[in-house]
2 protein chains.
Amino acid sequence: MTFPVVGMVGGGQLARMTHEAGIPLGIRFRLLSDTPQDSAAQVVADVTVGDYRDLDTLRAFAAGCDVITFDHEHVPTEHLRALEADGIAVRPGPDALVHAQDKAVMRTRLAEIGAPCPRNRVVTDPADVQRFAEEGDGFPVVLKTSRGGYDGKGVWIVRSAAEAEEPFRAGVPVLAEEKVDFVRELAANVVRSPHGQAVSYPVVESIQVDGVCDTVIAPAPGLPDELSARAQRLALTIAREVGVVGHLAVELFEVRGADGSSEILVNELAMRPHNSGHWTMDGAVTSQFANHLRAVLDLPLGDPRPRAPWTVMANVLGGDYPDMYRAYLHCMARDPGLKIHMYGKDVKPGRKVGHVNTYGDDLADVRERARHAAGYLRGTIDE
Amino acid sequence: MTFPVVGMVGGGQLARMTHEAGIPLGIRFRLLSDTPQDSAAQVVADVTVGDYRDLDTLRAFAAGCDVITFDHEHVPTEHLRALEADGIAVRPGPDALVHAQDKAVMRTRLAEIGAPCPRNRVVTDPADVQRFAEEGDGFPVVLKTSRGGYDGKGVWIVRSAAEAEEPFRAGVPVLAEEKVDFVRELAANVVRSPHGQAVSYPVVESIQVDGVCDTVIAPAPGLPDELSARAQRLALTIAREVGVVGHLAVELFEVRGADGSSEILVNELAMRPHNSGHWTMDGAVTSQFANHLRAVLDLPLGDPRPRAPWTVMANVLGGDYPDMYRAYLHCMARDPGLKIHMYGKDVKPGRKVGHVNTYGDDLADVRERARHAAGYLRGTIDE
């Protein structure tokens, strides 16, 4: 048997969906999961339960794998360097991944590349936040811990130096950024392989609610071709310059320039399959998960083009009612074309437990179908 | 956690692909597999290794499941009745499944339903085969063991009574059928749920080589609407009358009637996902695997409509060269829209080890892409 073994670190839903995409490829998929109950561990045959922060655990896990990749960006950079020194193929590698792990490193590198970013710099204490504000348009200012944040965690919007105490308590560098008055949020998703092939998905609009992704529309409605092409070129440039292998999500702000024209600024980077790419599971010829696997295996990449004029993804969050399976009856009967993707997670209020995809020719209809299904599953819609 | 446990008996590729389809549904999937190396056992988390012919093994496996379904049709009918008597939901149930297990029972029931079939009857010995031939248009005659055949095994085409010894050696009833001079083979695939909802996929053309399915074209090219509708109605009628739950494949012969019009005759029934439905994985809104699961769980069925004007499936058979993974490089680079589905099986000459799907607007192109990829993976095409 010559089919390779892919080891994925992290047992979340991204690993679950990567396994799903790997089954048709005939590859062997090995999982390092925190617990046997994690989302991916429920559906993968070959699971190692262990702590990704422990180098010996990582080494033992990696020993039988042809390549290691990631469900999340939390593996310590020094561990990844140790694995590489052992001769393990780590994809994306630590030199690339650090740009998704450390926001300060990311901003420095993006500046070098010439990628447009919000005004930013590392700040040392609340007084320094005050100076940062005065250097620009004043408060509010966005503060982010350079490491460890996700889904709005590790991010604060402060209106004064007095409000800026908390971010410094974690003892990690804090990055200050101007609060961008954006028109909307976009994401430019690309996949790059070790030999430098890259594909670009259509630029999508991402709608956040309370700091959590709520809806993704593919492609971003009304986005001028020129701006779409610029966003895709930017993502491809970042992928190349940073040396990304696998899926790269470039989260963007669309802003109105002084002359009224649209501009883009880079908000965040993620080097793994990403929530803004879940629509590709039903909406693109090749999903982000399949292409991530093809990239880390250095296989030729699959066609990223959309299969329908519009695809909409809506995240399913936990509500007050734990029995989402029962809600399938109404959702499936109402919309036979609805694509449900559940993660096997216990329902907790506000927790991402799945997503739905809808696609079709009429954006308003496609969007309404996704909104209804996500709301019905959560329990906020009851008809 | 209220999500149900589906138990599938048999660890072949159909179970593998059913698991793949079950992951997004968030259900629990449990497998009864002959060995830990079986196709599905490689990718499923919850595997019981055991012999499906042993009732105690089946009972222990079924005890933790909400419903039992099948990768193959070889579980003894009496065992299924015993499980039902235990209160287990067996879908399809033994009273339906027997029609796919026993060709003599199938023919009798189809005659009662009024489904058009080749002339047939059970024969007792070679002399009786001679009489069967003389009752019709003479030899050749097709002989089939009533139980246990698949992919051309258990089927003989005999030109004389003297050639008709072997089929009787197994000691199971032998069915004689006229050898149909068909125009082509079709398949009408439907899915039916316990509460009687049913969906029908487009009728496909199935091209066999040496008794094994080689290519499936969806929809069947040039099939008159009236004949397509008749085939779909026939499959839906059989599903209802026989009480099928889950996927039913009705393999058909298209024949030229005395007046030159097209007619259909039922060749075989399969009550599980079927090779003639593999195109639905990439070519239909809802795959046969997803709909089989929805049916056995009594969930509303998904949209069976095609997503592209043409989808072609080509089976990948083992060739002389065992390293199919290496062939991915050329196939994927040549055709970024190619959909490969491999089963994790060791390559043996002539063994079904995977399939490819292609889709698009131009049938000749779509078919050529599938033919090339299947041939290149097998090793019969080297450019």
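Just so you know, glycine gets a Cβ as well, placed from its N, Cα and C.
For the ATP site, TrEMBL records A:K144, A:E177, A:E178, A:K179, A:V180, A:E185, A:N267, A:E268, and the single candidate of A:K103, A:K153 listed with them is A:K103. Averaged over the domain 'ATP-grasp' (A:107-298), the predicted model has a pLDDT of 95.
Long-range Cβ neighbours of A:E177 (ATP binding site) (same chain, at least 6 residues apart, Cβ-Cβ under 8 Å): A:P118, A:R119, A:N120, A:V141, A:V142, A:L143, A:K144.
Neighbour counts were taken at the CB atom with a 10 A radius for the binding-site residues A:K103, A:K179; the maximum falls on A:K103. Put plainly, the binding-site residues A:E185, A:E268 were compared by Cβ crowding within 10 Å, and the winner is A:E185. The DSSP secondary structure for A:K103 (ATP binding site) is helix.
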